[in-house]
Amino acid sequence: MPAVAAIVSGDTKKEYPGNLTPFVTVTCIVAAMGGLIFGYDIGISGGVTSMDSFLEKFFPDVYRKKNLMATKNQYCKYDSPTLTMFTSSLYLAALLASLVASTVTRKFGRRLSMLFGGVLFCSGAIINGFAKAVWMLILGRVLLGFGIGFTNQSVPLYLSEMAPYRFRGALNIGFQLSVTVGILIANVLNYFFAKIKGGWGWRLSLGGAMVPALIITIGSLVLPDTPNSMIERGQIDEAKKKLRRVRGVEDVEEEFQDLVAASEASKQVEHPWTNLLQRKYRPHLTMAILIPFFQQFSGINVIMFYAPVLFNTIGFKSDASLMSAVITGSVNVAATIVSIYGVDKWGRRFLFIEGGIQMLICQAVVTAAIGAKFGVSGIAENLPQWYAVVVVLFICIYVAGFAWSWGPLGWLVPSEIFPLEIRSAAQSINVSVNMIFTFAIAQVFLMMLCHMKFGLFIFFAFWVCVMTIFIYFFLPETKGIPIEEMSKVWKTHWYWSRFVTDNNFQIGALEMGKGGGGGGGDQIIKTV
C-alpha cells in the first residue's frame, strides 16, 4: 500500500517515497491502546454508580433517595454533589496533568509520557479497587486522571507523526476505537459484576482498570519513538534509521534533511505557549479550543457516563439499564469502525456535518419522548415497553452519529493541524479544554437533570446545531494533506486566509527561505 509524504519547493511539489508498512501498522495499533484506559473509565463510572451495594457503602444518601424514600421524581433521585465529585474529579486531575505532559512529551519523547500515564492509571485503579472510604475513591480517581492526562496528550500526537499521511485518519482513529472498546468492555463487566452475590462486584469493576493500564505501560516500553521526536531531542543518527524503517524504503534523505531543518527552526521558538498567541496561529488556537469544547457539549458524555443511571431514570430496572448500556457501547464500537473506513475516503467535513445532523434529530426525538412521559414533574407510572425501546433506539442512533464524527475527529483533527514548534503546547490546550468541560458537564449533569428536566436535552441539541454550523463555515478539509503541508488549507480558506498569509505561510509553520515573494527558489520546510 504505497504512500507518500510531500514537500513544496517554491512552486514545485515533490513527493517523499514511503509505504504503509506492517511495522507502522502494528506500532500504531499498540499505541492506540492508550485509549483503552480513557474508555474503560468512562464506561465503568456510570455502571458502578448505579450499583446499590456501591451507593449504600459510599453514598448512603443517594441510596436512600433511590430505594427507600417515597419520591417518584425520576429526574432528581441521583442528584448528589459528592457522587458527581467522585465521577468528575478525574477530569480535573487530567486537566492539570495534560499541562505537565506537554513538557514531558516535548523534552523526553512521546513514549515516556505514555509510560507515566500507564503507571499513574494503574496506581489509581489499585486504590479504587481496595477503597474503604470516599477519600480513597477520590484519591484513586485523581491518579486515574493524571494517567489519562498524560496518555491523551501523547497518543494522538504519536499516531499522527508515525502514520503515512494517506492513512493518517484511519490510524489515528485507532485511538478513538480503543476508547469505544474500553467503554464496551466496562459495560459488559458492569453487567456481570453487578450480579455477584455479596455486593462486592464494584471492586472488580474499579480494580479491573489495572488491565488496560498494564497494556499501555508495557506497550510504551516496547514502542519506538517517532523520528520527529528523536530529532527534536538530538538523536539524529537513530532518527534516520528509524525513519527508514517507518517509511519502509532506504531513500529517506530528502525527508530526513527537511525534518532536521524544521526541528532546528522550531528550537528557536523559546516560548511555545506565548507563541500560540501570534496572529498566524489564530486558526490552530481556535480549533484547539472550540473542537474539544463542542465535543463535550454534544452531550455524549452525559449518555456514556450515566447511561445506566439515565436508563434507570426512564424506567428500566438496574439489570436492564446496564444491558442497555452494553447495547449503546456496541453501537459505539461499530460506528467508530465505520469512521475508520470512511474518514480518508469521505473526508472530515462530511462526517462532522452528517454526524451533527443525525445527533440533532435524535436529541429532538429523545426530548419529546421523555418530555411526553415525565413532563416537568418527573413522575410516570407503568411505562410501556415500546416507549423504552424507542428511547434506546434513538439514543443508539445518536451514539452512532457521534461515534463516526465528533468522537474520533475531535481527537484526529486537532492532532494533525498543529505545526511542530507549537505541537506539544497546542495539544495540551486541546486536552485541557476537553477535560475542563468534561469535568464541568460531569459535575453539574445530575443537578441540571434535576432542575432542567427534559429541557437538558434541548440544551445539548442547541450546541449540536451551533457546532455543525461552525464546522460548515470554518473548518477546511484536511483529508489527504500531509501534516507538513497543512498551512496550505488555512492560506486558501475564505476566513482564515486573513491570518495565515503569504508572508508567514509555511509548512509546519516554518519558513526556511524568504526570498522575493514566494518565487521558485523559496523552499518551504515541512514536518511530518
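Glycine is treated like the rest: Cβ placed from N, Cα and C.
Note: TrEMBL annotation is automatic and uncurated.
If you look up TrEMBL, you'll see 27-479 marked as domain 'Major facilitator superfamily (MFS) profile'.
Residues annotated as transmembrane segment in TrEMBL: 20-40 (among others).
Beyond the transmembrane segment (83-105), the same-chain residues lying 6 or more positions past its ends with a Cβ under 8 Å from any Cβ of the stretch are 41, 45-46, 49, 55, 58-59, 62, 112-113, 116-117, 120, 134, 137-138, 141-150, 152-154, 157, 229, 305, 424-425, 427-428, 431-432, 435-436, 438-440, 442-447. Residues annotated as transmembrane segment in TrEMBL: 83-105 (among others).
With a threshold of 8 Å between CB atoms, the same-chain residues lying at least 6 positions outside the transmembrane segment (112-131) that come near it are 31, 34, 37, 58, 97, 101, 104-105, 137, 139-155, 158, 203-204, 206-210, 212-221, 223. Feature annotation from TrEMBL assigns transmembrane segment to 112-131 (among others).
With a threshold of 8 Å between CB atoms, the same-chain residues lying at least 6 positions outside the transmembrane segment (137-159) that come near it are 28, 31-32, 34-35, 37-38, 41, 58, 85-87, 89-98, 100-102, 104-105, 110-111, 113-114, 116-128, 131, 168, 171-172, 174-175, 206, 209, 213, 216, 223, 226, 411-412, 414-415, 423-424, 427-428, 431, 434-435. Residues or ranges marked as transmembrane segment in TrEMBL: 137-159 (among others).
Same-chain residues lying 6 or more positions outside the transmembrane segment (171-194) and placing a CB less than 8 Å from one of its CB atoms are 24-25, 28-29, 31-44, 47-48, 51, 155-156, 159-160, 162-163, 201-202, 204-205, 208, 212, 304, 307-308, 318-319, 322-323, 325-326, 328-330, 332-333, 336-337, 339-340, 343, 403, 407-408, 411-412, 415-416. Annotated transmembrane segment per TrEMBL: 171-194 (among others), in sequence order.
The annotation transmembrane segment is assigned in TrEMBL to 200-223 (among others).
If you look up TrEMBL, you'll see 285-309 (among others) marked as transmembrane segment.
Annotated transmembrane segment per TrEMBL: 321-343 (among others), in sequence order.
The transmembrane segment annotation in TrEMBL covers 350-374 (among others). Counting same-chain residues at least six beyond the ends of the transmembrane segment (350-374), those with a Cβ under 8 angstroms from any Cβ of the stretch are 74-75, 298-299, 314, 339, 342-343, 380, 383, 387, 390-391, 394-395, 397-398, 400-402, 404-406, 409, 453-455, 457-458, 460-461, 464-465, 467-468, 471-472, 475.
The annotation transmembrane segment is assigned in TrEMBL to 386-407 (among others). Listed by sequence, the residues of this chain that lie at least six past the ends of the transmembrane segment (386-407) yet keep a Cβ under 8 A from its Cβ atoms are 176, 179-180, 294-295, 298, 300, 303-304, 307, 311, 314-316, 324, 327-328, 331-336, 338-339, 342, 351-352, 354-359, 362-363, 365-366, 369-370, 373, 467.
What TrEMBL records for 428-448 (among others) is transmembrane segment.
Feature annotation from TrEMBL assigns transmembrane segment to 454-475 (among others).
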Sort out the residues at least 6 away from either end of the transmembrane segment (428-448), same chain, that have Cβ-Cβ distances under 8 Å to it, and list them.
78-81, 83-85, 87-88, 91-92, 94-95, 98-99, 101-102, 145, 148-149, 152-153, 276, 285, 288-289, 291-293, 295-297, 301-302, 305-306, 309, 410, 414-415, 456, 459
Can you check how the pLDDT averages out over the domain 'Major facilitator superfamily (MFS) profile' (27-479)?
84
